[in-house]
Amino acid sequence: MNWQKRKEVFERRAVSKAEALDYFTEKGDEYKLDLIKDLEDGKITFYSQGDFTDLCRGPHIPNTGFIKAIKLTNVAGAYWRGDESRKQLTRIYGVTFPKASELTDYLKFIEEAKKRDHRKLGKELELFAFSEKVGMGLPLWLPKGAALRQKLIDFMQRAQLKAGYEPVVTPHIGHKQLYVTSGHYEKYGEDSFQPIKTPVEGEEFFLKPMNCPHHCEIYKTKPRSYKDLPVRFAEFGTVYRYEQSGELHGLTRVRGFTQDDAHLFCRPDQVKEEFKKVIDLVLYVFGALGFEDYIAQVSLRDPENRTKYIGSDENWALAERAIIEAADEKGLPTVVEYGEAAFYGPKLDFMVKDALGRKWQLGTIQVDYNLPERFELEYTGSDNAKHRPVMIHRAPFGSLERFIAVLIEHCAGRFPLWLAPEQFIVLPVSEKYEEYAQKLLESLNNSDIRGLIDLRDEKVGRKIRDAEVKKLPYMLIVGEKEAESGTVSVRKHGSGDVGSMTPEEFREVLIKEITV
């Protein structure tokens, strides 16, 4: 490649806004002019390579000699600045790497990511769907997807009950004043759906953007003593955000999603212990679902600008120390980020690597000094005086929709057996053995073991191939030998023939594998 050998230099030049406008006016480039007009006054950077000059913030590599491998990956139509009322242009995508081997690895990664895309697998495995009539960004859970979703909910609810959480349920809407008090109206006003107005009184209600204001109101339903704390409210609550249509993406970016939300109300001296218990819960979830590579990010105040944070220095110092010590005592690998805390409290985020090495933020524990103040939450201390509780938000799944999307791609659709919507399929080799197959299915199916039967008039080889494509964990093949001996021939997805066993032996194999 000549440009590689020539090592053409990328030259950076800073110009004024007026000079930039003059340059692209002369070039007749209406698109660059449109971009420049929206920039603030000040220096604007150009980059030049040979006789080509472009508007760019940079930085660039020193010269073209650094480019060893290049690949155009896609061509697509795109409206100028994402506005459907403006011209449609052609967008060209490409990648470049300093080594050809890195490009090869990248292309393999992209192909594997395409195979694992949750939108593709969600359709193939009949987990979820979208309908324009229902509305963009509002997923429909199909029977298999609903079964998987419910298993996750049941799993979390059992773990929460053991950890002392109390389940609560709140409505899908709330009065405008609730979100004015919480501050969510100001924060999410533009991202909310239009208010629902009552026909007579004209009161305004909103689809709830968060569950926490409702939980604050539950806390206030009765007086609380220091002896009552901590109080832990948990809810799988559905919330709504009006995401722009161009930002919607499968299950990872939707307009209605369910959070495994819990809010803990405790004394300042209980923060560390509560964090440790939540860390235990998050690690239990990760272990059960095969997420083994993670790091905890501890987000603290900016020590140079403490005035922008709500709450006393004493409480902040206590909470920050509690988070760091809790993570350390639990042996978590951590990275500390100063200035990344929310204005209302420090937090701990779990950054998880999936099977492709991509990082996802899954699981958050957040201290909040803001909402207890806004809602005037109180408890009576041992000194008989009123005190503000510390509020802790936590969501190991986060958005259930997004979590399932990540899980689908991490597992490539091959879910842990306990979570699989259907754990086995019975495959009679001919119509003659359907009665035995039906009895076998009925004897195995119960609340913890879920299977189905393939009664299609197809050869058993085709049935096995179809079951493999659907990623069904086990296939039970029954023919003359099995019917006579009262056994089943077992195949495992991705592993092949396991051998012959009795239905009772197979049941024990399943029960042992699904125990979490």
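Even glycines carry a Cβ here, placed using N, Cα and C.
TrEMBL names H263, H393 as Zn(2+) ligands; from the candidate set C56, C212, the record adds C212 to that same site.
Neighbouring residues of the recorded Zn(2+) site, listed in sequence order and excluding C212, H263, H393, comprise M210, N211, H215, C216, D261, A262, L264, Q366, D368, L371, M391, I392, R394 (Cβ within 8 Å of the Cβ centroid).
The DSSP secondary structure for C212 (Zn(2+) binding site) is helix. Residue environment of H393 (Zn(2+) binding site) contains 24 other Cβ atoms, counted within 10 Å of its Cβ in all protein chains. Mapped onto three states, the DSSP output places H263 (Zn(2+) binding site) in strand. For C212 (Zn(2+) binding site), the number of other Cβ atoms no farther than 10 Å from its own Cβ, over all displayed protein chains, is 24.
Cβ neighbour count for H263 (Zn(2+) binding site) (all protein chains, 10 Å cutoff from its Cβ): 26.
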